[in-house]
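Working notes for the structure below.
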Amino acid sequence: MEPVGRKRSRKAAKAQLEAQVTAAQGATKEGSGIASNFPGQPTMEPVGRKRSRKAAKAQLEAQVRAAPAKKHTGKDPVRDECEERNPFTETREEDVTDEHGEREPFAEKDEHTGIHTMKLEHIAADIKKGLAAKREMIKIDKAAYRKTKNTIERALKKKQLKRQKRDYRHTRKLLNVLKEYIAEKQKDDEAEEAEAAAAAAEAAAAAEAAAAAAEVIVVEDEEEEEKEEEEEKEEEEEEGEEEGGGEEGEEGGGGGEGEETEEEEEEEEEEEEEEQIKAFQEKQKRWQQPTGVRSWRLREMKPLLEQLLKAAKDTKDNYCIISSSEESELDN
């Protein structure tokens, strides 16, 4: 399908040629002196002239048909056809005339194609302006996004730094409190241990004194018993000498009763010593119980203290790293 402009140009050229032919025919009619044989009818032209006019008309039509072929010689027919069919490459600068050879008035839009006749340069300029505006908007959006992102990151870093500082202060305070508590606890334990040792020494001394006193008492009792036995023996000997053999039997029975009383006294003394030893052992156990509990508590507190010291050291290292990074950012 050919473009509309070319069709019109061909029609205009054809109409112009027909007008020239009719003008030539009129000139021949006026110049011929042959009258018409019928009234009211034009004069007949000679046969030779008719043939010459037909030949001239055919020649002109052949020239008109050959004109587009000459125009497109040396071009790619497929590409040329695409260019002819492309409505965006057409312009209104072609010579557009109607069938009577008059130029049609210029219109904003082509009635047949419906394509805006604005120049491609203006369209390209508008497209470039729109793209430039879009690029500027994208740049502005990117700058605003970076700014907000940096502000948010700074706020988060400040918040994290404050939190770490607060944790570091609390850990330091807790460490000081724990150290003071452990020191006081150790002092109390040492004082209690000293008191317990002094009490144990006193109890041991008292037990030794009691044992020594008991031994002295036992020795004195034994000495007294020996004296009494000697006196009794002397008395018995004297009585035996006086009274004779019957009384000797009675003296033997009295000696057996004295031995039984001595055995009972020894058993009572042993029981008293055992009771004193048991009481002393119970007192030692009572004194040793609080010291054992305190030592157990101290053993439990030591690993907790070590863990706390380790955590404080880690927080201190983190605080130093963050403060150094913040200083470097401020320098940059």
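The backbone N, Cα and C atoms fix where each Cβ goes, and this holds for glycine too.
The annotation compositional bias 'Basic residues' is assigned in Swiss-Prot to 1-13. Per Swiss-Prot, compositional bias 'Basic and acidic residues' is recorded for 74-91, 98-114, 276-285. What Swiss-Prot lists as compositional bias 'Low complexity' is 196-217. Feature annotation from Swiss-Prot assigns compositional bias 'Acidic residues' to 218-275. Per Swiss-Prot, the feature region 'Disordered' maps to 1-114, 186-293.
Taking DSSP states H, G and I as helix and E and B as strand, the compositional bias 'Basic and acidic residues' (276-285) has 10 helix, 0 strand, 0 coil. Remark: secondary structure over the compositional bias 'Low complexity' (196-217) totals 22 helix, 0 strand, 0 coil, with classes taken from DSSP.
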